[in-house]
């Protein structure tokens, strides 16, 4: 950028008197210089002396020594030298460097005091506009700009830059166009601001026109402009164009490398971003806080814990200051990769900690399930650092309450929101609604929703999702219709929640109707919509329709994800179709959709339930880094196919790898065979030892039914009850040992030792005597009865 031209230096009219003012230490050299000038020249040339003053003031301003420069100004004013506009211009530029608003206002006041000759000077006007614009005093800068008789490239550049910094991107682009229309050529300082505004407004076409202007004007070799082009294309998701602009640069500085790095990070291309960081290091470019922060973000996104730790080491070795910006990036990385302890260490070593840093740590505790630590961190933030909770803090607390089901703490957080007038915040209201919904207090959630005045789309969707999650599909649909009446058009998220609610209630036809109705409103079903419908159909036994829906999704050009594949595999499982399952498996491999643990579990489960334990085993063995859920699925598969030895062998393998079994594991193992008398007897003993009386009674009855003729089943429990002093229980079990039952035509007949209450006891006793005689070898039985007619036996 060309420098602002100086006005001609005025000739001082009178020589200055000798210097008698005192100066501080930083001005000793300057004073000595002037003293020598006086000593060597008894009558120094006023113009020479004035130039000396000017150069000294200019030097002090560039060094940021504004007060010393003001001291020299006061010294000049005490002389009879006439001060020209160039000195005021230098002082204003010094105020820009230091953002010294108070001193700049003083300069402006002195300019006005000198009259219109100075105040209406183009050079001074431009310098004032630049000063107020750089100091973000928009109203004053705008007023001066509008009153300027002839705006120039410098004043235009200042105002366009001011608009960009204040987020007035549309005004910045309008200024860019107006500047061109008035015959001024935007320079290499204006063009980056125009590109920045295009990025913010998502005006891809306008940005390409600016790129064309850059080529036409020959700004392509300017590092500043080229970096802005890389940044523009990166923020618009056009990474190929961004890389072309980067590759075409003859010189690359930190800004250029950071632009391409952040372009990949912002578009989720984490591995590419990490590669850019490595290349930057190879190229010998020293990383900045932006570089390291971007690399850490990419490492977190790629779950690359080792690489992220290297980035942390680079920051330390490069001597980068662990301020709130860099520190927050490192904490965010450790939180996202699950290393909360490391995040704590970095947090404790930070010199500066702001609300963002605290919120990151609290969020990390919440995600790690450490609710107590999250609450303690909130207390420390309030009492140690005197920081107030903001919407992010409260959102973390409410999320923790929702995940843990802690309704009491959730209500306390809600009360805090009310007391501090934060309930109207849409983010907080959304979290409060979510908290009550997850705690199954849907009435409380609805009251919060109804009291929120400014309900945005997110809040509407949260309430709809809450109803859908709890199975109130009708209420969810009513809210969709109501939000339309209130002028809030439903989004794809709204319809997805309703479809989910219907499928969870088994209302498949209604879910399909919602799918069609969504399309009639002009909203195209997205990946989540299709996946929700596919999974809903599969879970409700509509396997064929789920498979057909999957193929329809692919036909309209939507690429499946891991959850879509899970739905497809579930559909194949419900159909018990091994052929369909193998096709789905092949598609999942080609598409790289088997990275999630859910999809791996679904694959193994599909093969097992479709009858191919061999394929299930092969799929299981090919999966590295097996998790508990996968082991449980394979154990269940072996149990389903009666392979007990393999099931227990897999349990031992799991334990050798340090994976602890849970209740599901043992439930899967007990699918493997039916309970026998020994197992039930052991469980009865365990129940009596641990005071589980009711469960013990139930298991004891199961044991009696399993082996009704085994008197040991009665004697052992009776003996243990007697030894423990439970005589009533012992007597009852002893009596139970002499009881038997028979069923005749649906009626039960009980027989107890010593009991003569049966209405047909005489006939029964006669038959018993006859049987006794026969067993003793006697055939003389005078009692002749029709056993089928007289005796109640089966």
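Including glycine, each Cβ sits where the backbone N, Cα and C put it.
Note that the structure is a prediction, hence the values are computed from the model and not measured.
According to TrEMBL, the compositional bias 'Pro residues' annotation covers 1-18. Annotation comment: TrEMBL describes 1-26 as region 'Disordered'. Look at TrEMBL and you will find 152-186, 253-287, 354-384, 456-490, 491-525, 526-560, 627-661 tagged as repeat 'PPR'.
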Can you check how the pLDDT averages out over the repeat 'PPR' (152-186)?
-> 92
When DSSP states are grouped into helix, strand and coil, how many residues of the repeat 'PPR' (354-384) land in each?
-> 26 helix, 0 strand, 5 coil
Who are the long-range neighbours of the repeat 'PPR' (354-384) in its own chain, taking Cβ under 8 Å and residues 6 or more past its ends?
-> 324, 327-328, 331-332, 334-335, 338, 340, 343-344, 347, 390, 392-393, 396-397, 399-400, 403-404, 406, 409
How do the residues of the repeat 'PPR' (152-186) split into helix, strand and coil according to DSSP?
-> 26 helix, 0 strand, 9 coil
